[in-house]
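J.: Below is one structure. I have some questions about it.
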Amino acid sequence: MVLNLLHLGRIGYAQGLELQRQLVEARHSGRIGNTLLLLEHPPVLTLGRNSERKNVLASDEFLAYRGVEIHEVNRGGDVTYHGPGQLVGYPILDLRSFAESGERGRLGAVEYVRWVEEALIRTCADFGVQTQRVAGRTGVWTLPGGSVEEKKIAAIGVHISRGITSHGFALNVTTDLRDFDLIVPCGISDRKVTSLELEVIDEPALTMEKVIHSAARQFGRVFGHQVLWLESPGDLLPELATLTQS
């Protein structure tokens, strides 16, 4: 099977939501195949279905002053931050296309999240960074060592409707981690966040482009798809040709 891959650069969060909405409908109707969007967002806080507003530590006025948007969305999870230097991925997949891998004729929600985690663990490993899952906590974490506890390097929050996935993951690459001080990331107050840039040892020239290519390759492998790089959303649906243009 083919995984359509779109690298969109940096786009507004509202644009990303609208693009996902249209692609989910197109995937459900069979107009497009499985698709992965890779992109960055300007500074934004998103609150998932399980969010508590107390986990946003900054006032609306301060966020506006800093130019940080805030959106309530229908993904799972609590509050998270997106911003420059962070690779965001939105898989638009029909879980029924993985019928042989799951129960009841499709890949289950928990299995799907584990697969996303696995692709990100392999991506980090491409840069010499060993990561892991942590029981009871979705996402990807560095390994603890000595007195240093594990840190979160990638957050995951998904939505599944009629078997079609949306939302997805955020991998900190060269993210300014000070922006996470605006929130209690994912509602977890006893662990810190980190980035590939801080964790790599033998990759002095770490770039977003390298991480994008690694993530695309690893998602293709984990999900058993051949990756097909596309130039623009219009290559998927003609009506999307101008959606992400400034």
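Backbone N, Cα and C atoms are what each Cβ position is placed from, and that goes for glycine too.
For reference, Swiss-Prot lists these features for the protein:
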- 30-227: domain 'BPL/LPL catalytic' (DOMAIN)
- R75, G76, G77, D78, V79, T80, Y81, H82, A155, I156, G157, G168, F169, A170: substrate binding site (BINDING)
- K152: site 'Lowers pKa of active site Cys' (SITE)
- C186: active site, acyl-thioester intermediate (ACT_SITE)
J.: Could you tell me the C-alpha distance between Y81 (substrate binding site) and K152 (site 'Lowers pKa of active site Cys') in angstrom, no decimals?
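T.: Their Cα atoms are separated by 13 Å.
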J.: What is the Cβ neighbour count of K152 (site 'Lowers pKa of active site Cys') at a 10 Å cut-off, with all protein chains included?
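T.: So the number of other Cβ atoms within 10 Å of K152 (site 'Lowers pKa of active site Cys') is 23.
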J.: Would you say which of the binding-site residues G77, G157 has the most Cβ atoms within 10 Å of its own Cβ?
T.: G157
J.: Rounded to a whole angstrom, what is the C-alpha distance between R75 (substrate binding site) and K152 (site 'Lowers pKa of active site Cys')?
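T.: With the alpha carbons as reference points, the distance is 19 Å.
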J.: Compare all C-alpha positions of R75, G76, G77, D78, V79, T80, Y81, H82, A155, I156, G157, G168, F169, A170, the record's substrate binders, and send over the largest distance in angstrom.
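T.: Spelled out: the longest distance between any two Cα atoms in R75, G76, G77, D78, V79, T80, Y81, H82, A155, I156, G157, G168, F169, A170 is 15 Å.
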J.: What is the number of other Cβ atoms found within 10 Å of the Cβ of A155 (substrate binding site)?
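T.: The answer is 27 other Cβ atoms.
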J.: Let's check the environment of V79 (substrate binding site): how many other CB atoms sit within 10 Å of its CB?
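T.: The Cβ of V79 (substrate binding site) has 25 Cβ neighbours within 10 Å.
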J.: Which three-state DSSP class does Y81 (substrate binding site) fall into?
T.: strand
J.: Between 0 and 100, where does the mean pLDDT of the domain 'BPL/LPL catalytic' (30-227) sit?
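T.: Residues in the domain 'BPL/LPL catalytic' (30-227) carry a mean pLDDT of 90 in this prediction.
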J.: C-alpha of K152 (site 'Lowers pKa of active site Cys') to C-alpha of F169 (substrate binding site): distance in Å?
T.: 12
